[in-house]
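**Student:** What TrEMBL records for this protein is below:
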- 35-53: transmembrane segment (TRANSMEM)
- 59-78: transmembrane segment (TRANSMEM)
- 99-117: transmembrane segment (TRANSMEM)
- 123-146: transmembrane segment (TRANSMEM)
- 221-240: transmembrane segment (TRANSMEM)
- 252-271: transmembrane segment (TRANSMEM)
Amino acid sequence: TALISGFSSLPWLVKPLYGFISDSFPLFGYRRRSYLVLSGLLGALSWSLMATFVDSKYGAVVCILIGSLSVAFSDVVVDSMVVERARGESQAISGSLQSLCWGSSAFGGIVSSYFSGSLVDAYGVRFVFGITGLLPMITSAVAVLVKEQHVPGPTRGQNVLLANPSFIESSRENIIQLWNAVREPNVFLPTVFIFLWQATPQSDSAVFYFTTNKLGFTPEFLGRVKLVTSVASLVGVGLYNGFLKRVPLRKIFLATTIIGTAFGMTQVLLVTGLNRQLGISDEWFAIGDSLILTVLGQ
């Protein structure tokens, strides 16, 4: 499990590289549309292989790595499109755009979580992998509708570097500008904070095995938990979009961090079984804990 989760996270560690590739190497004359189509096809390939031919843990690692790469690359491309549309806008307007993105993600989570657990129980994992393989194709299909100005590329048979002699020099200047930006205190210090935050050990895998092996949570029940958290995501997005998008971000971070820390520690009650002594079943405790933390997180 550590091997699979570790490899699946690798494509997310080099996301700036994808932005550089997308900006510098237009694919079929487009910097956004073509890469979204390609990402969808890669994702469909990886999950289709999981549904059919893969029968070893190493094959699963490779397929999940490819699937994770497709999601990470498309995530960068979509984020860049959001940034382009939000640039220069107020916090309220850019917040509304982000709310739309996260709300759409939560809605997709509701649909998938409603069916995922029950489908695994009824038809098995390969059937679910097959359905999952169809979903990235939606990304490829919708990407065709993206409005983007065509960028003229090199003629057939012409090398990209030869077609643009200044490419190496401009790439060098971009890297220097990026390095100078990272060295700025208002960029460097938040980056260090996020690094330390993400480097903090987490117990997600241990808790998953505890809830399945020790507490006996079934795939169907885990699907219900996912459904509740997806609904909670919509609630969190709605609360922010309706009441908080004009509130200073510093106040939001302070309040949600304090409340989230308190509720996050309640997981100790589940692990030690104290929730049952309080008259709360494991299932209801897990649902309530996930619900509150998801609302705060969104």
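Our numbering is plain: 1 for the first residue shown, then up by one each step along the chain.
Every residue, even glycine, has its Cβ placed from backbone N, Cα and C.
Where the annotation comes from TrEMBL, it is an automatic prediction and has not been curated.
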**Student:** Going through 59-78, 99-117, 123-146, 252-271 one by one, which has the most CB pairs that fall under 8 Å from the transmembrane segment (35-53)?
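**Tutor:** Highest pair count goes to 123-146.
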**Student:** May I ask you to check whether the transmembrane segment (221-240) and the transmembrane segment (59-78) make contact, with contact taken as at least three Cβ pairs under 8 Å and only pairs 6 or more apart in sequence counted?
**Tutor:** no
